[in-house]
Amino acid sequence: MAPTRHWVTPLLLLCCSGICGAIQWLGLTVNGSRVAWNESEHCRLLDGLVPDQSQLCKRNLELMQSVVNAAKQTKLTCQMTLSDMRWNCSSVENAPSFTPDLSKGTRESAFVYALASATLSHTIARACASGELPTCSCGATPAEVPGTGFRWGGCGDNLHYGLNMGSAFVDAPMKSSKSAGTQATKIMNLHNNAVGRQVLMDSLETKCKCHGVSGSCSVKTCWKGLQDLPHIANELKSKYLGATKVIHRQTGTRRQLVPRELDIRPVRESELVYLVSSPDYCTKNPKLGSYGTQDRLCNKTSVGSDSCNLMCCGRGYNAYTETIVERCQCKYHWCCYVMCKKCERTVERYVCK
């Protein structure tokens, strides 16, 4: 497998300063986990926060552990969701510095911005419901009349609070008059942040718990809860694959983003947008932020993006065998444990040349 941590040159990192400043907070995973977040001085000293976010940090110290958790989840979820793609989000580990794949207004940066925005609001909403934050609690009881056989109760995710605090944090750099970066890039990033939050809102669903004799479920207590991050990330992956390339154009009295190929219509609020086309990520090219796919695992029988033909860009692949140990022949013993044997199995793996 290609490593997920890479050395990058200072020149490449400098190009990020204004454009991807709004996702530098993903770098809080490096040292933010070791901070107690009980002193406002921490907000200024740690890498990853631009000035406007530092001010929000000082006013909302109790939220910062959730921000750190969201940064971890964004990195993990991004890499898991795109593990079958040539661009597999490995460069996000360089945060708070980034290579051009995340600093040039690309399709990939659109996905990461949207995912980070959704993840932060999701994390805060869940933290409210679990009692981790002193400034919020369960979500409000739904206004809609409950259906037959259930009643509103439990503790729903506080989506309203999560959206308010999350958007204030991730949008702050683009809304600041002092921030660097082009106006087109700021509009793009704000748009993609909003798309991420909309997918999060669309994931809100009714969840229920049964009550009754012997699990008869004669009565159900229900609440509104968010779906898990993998579901939200997969929705955003679909939008990533169908993202629209845009240009910054004068329309009427103001400039706005319009589709490059279909500039007769405005950008839809539901679609991810990008300004700069990406390379194919087949070969290593640090100047483009491409790590290449050499030594990446591929699937010989797949016809999707993880197939050896697509992943290896026609270069071919090498095969090797690997022995794995797994649990097998498991038996349940009364009461109350399961005993399993350990079995060895030989599997064939394929890596790109």
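Backbone N, Cα and C atoms are what each Cβ position is placed from, and that goes for glycine too.
Summarising the annotation, Swiss-Prot assigns disulfide bond to Cys78-Cys89, Cys128-Cys136, Cys138-Cys155, Cys208-Cys222, Cys210-Cys217, Cys282-Cys313, Cys298-Cys308, Cys312-Cys352, Cys328-Cys343, Cys330-Cys340, Cys335-Cys336 and lists similarity to another entry as the type of evidence. The N-linked glycosylation site annotation in Swiss-Prot covers Asn31, Asn38, Asn88, Asn299. Swiss-Prot lists Ser214 with the feature O-palmitoleoyl serine. Look at Swiss-Prot and you will find Tyr274, Tyr281 tagged as sulfotyrosine. What Swiss-Prot records for 1-22 is signal peptide, and it gives sequence analysis as the kind of evidence.
Structural mapping of features recorded in Swiss-Prot.
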residue: Cys128; record: disulfide bond; contacts (Cβ under 8 Å, 6+ apart): Cys136, Ser137, Cys138, Gly139, Asp157, Asn158, Tyr161, Gly162
residue: Cys210; record: disulfide bond; contacts (Cβ under 8 Å, 6+ apart): Ser216, Cys217, Val219, Lys220
residue: Tyr274; record: sulfotyrosine; contacts (Cβ under 8 Å, 6+ apart): Gly105, Thr106, Arg107, Ser109, Ala110, Met188, Ala243, Thr244, Lys245, Val246
residue: Cys298; record: disulfide bond; contacts (Cβ under 8 Å, 6+ apart): Asp306, Ser307, Cys308, Met311, Cys312, Tyr317, Tyr350, Val351, Cys352
residue: Asn299; record: N-linked glycosylation site; contacts (Cβ under 8 Å, 6+ apart): Asp84, Asp306, Ser307, Cys308, Met311, Tyr350
residue: Cys313; record: disulfide bond; contacts (Cβ under 8 Å, 6+ apart): Arg86, Asp280, Cys282, Thr283, Thr293, Cys352
residue: Cys330; record: disulfide bond; contacts (Cβ under 8 Å, 6+ apart): Val338, Met339, Cys340, Lys341
residue: Cys335; record: disulfide bond; contacts (Cβ under 8 Å, 6+ apart): none
Between Cys89, Cys136, Cys336, Cys343, which of the disulfide-bonded residues has the fewest other CB atoms within 10 angstroms in the structure shown?
Cys336
Using a Cβ cut-off under 8 Å and a sequence separation of 6 or more, which residues in the same chain sit near Cys155 (disulfide bond)?
Ala129, Ser137, Cys138, Gly139, Trp223
Rounded to an integer, what is the Cα-Cα distance in Å between Cys222 (disulfide bond) and Asn38 (N-linked glycosylation site)?
36
Tell me, how many other CB atoms lie within 10 A of the CB of Cys308 (disulfide bond), whichever protein chain they belong to?
22
Which one is it, among the recorded positions Asn31, Cys78, Tyr281, that lies nearest to Cys208 (disulfide bond) by Cα separation?
Cys78
Of all the recorded positions given, namely Asn38, Cys78, Cys89, Cys328, Cys343, which is spatially nearest to Asn31 (N-linked glycosylation site) at the Cα level?
Asn38
Under 8 Å by Cβ from Tyr281 (sulfotyrosine), same chain, sequence gap 6 or more:
Arg86, Trp87, Asp101, Ser290, Tyr291, Gly292, Thr293
Given the recorded positions Asn38, Cys78, Asn88, Cys89, Cys336, find the one whose Cα is closest in space to the Cα of Cys343 (disulfide bond).
Cys336
Nonlocal residues around Cys78 (disulfide bond), in sequence order (Cβ under 8 Å, 6 or more apart):
Cys89, Val92, Phe111, Val112, Leu115, Ala233
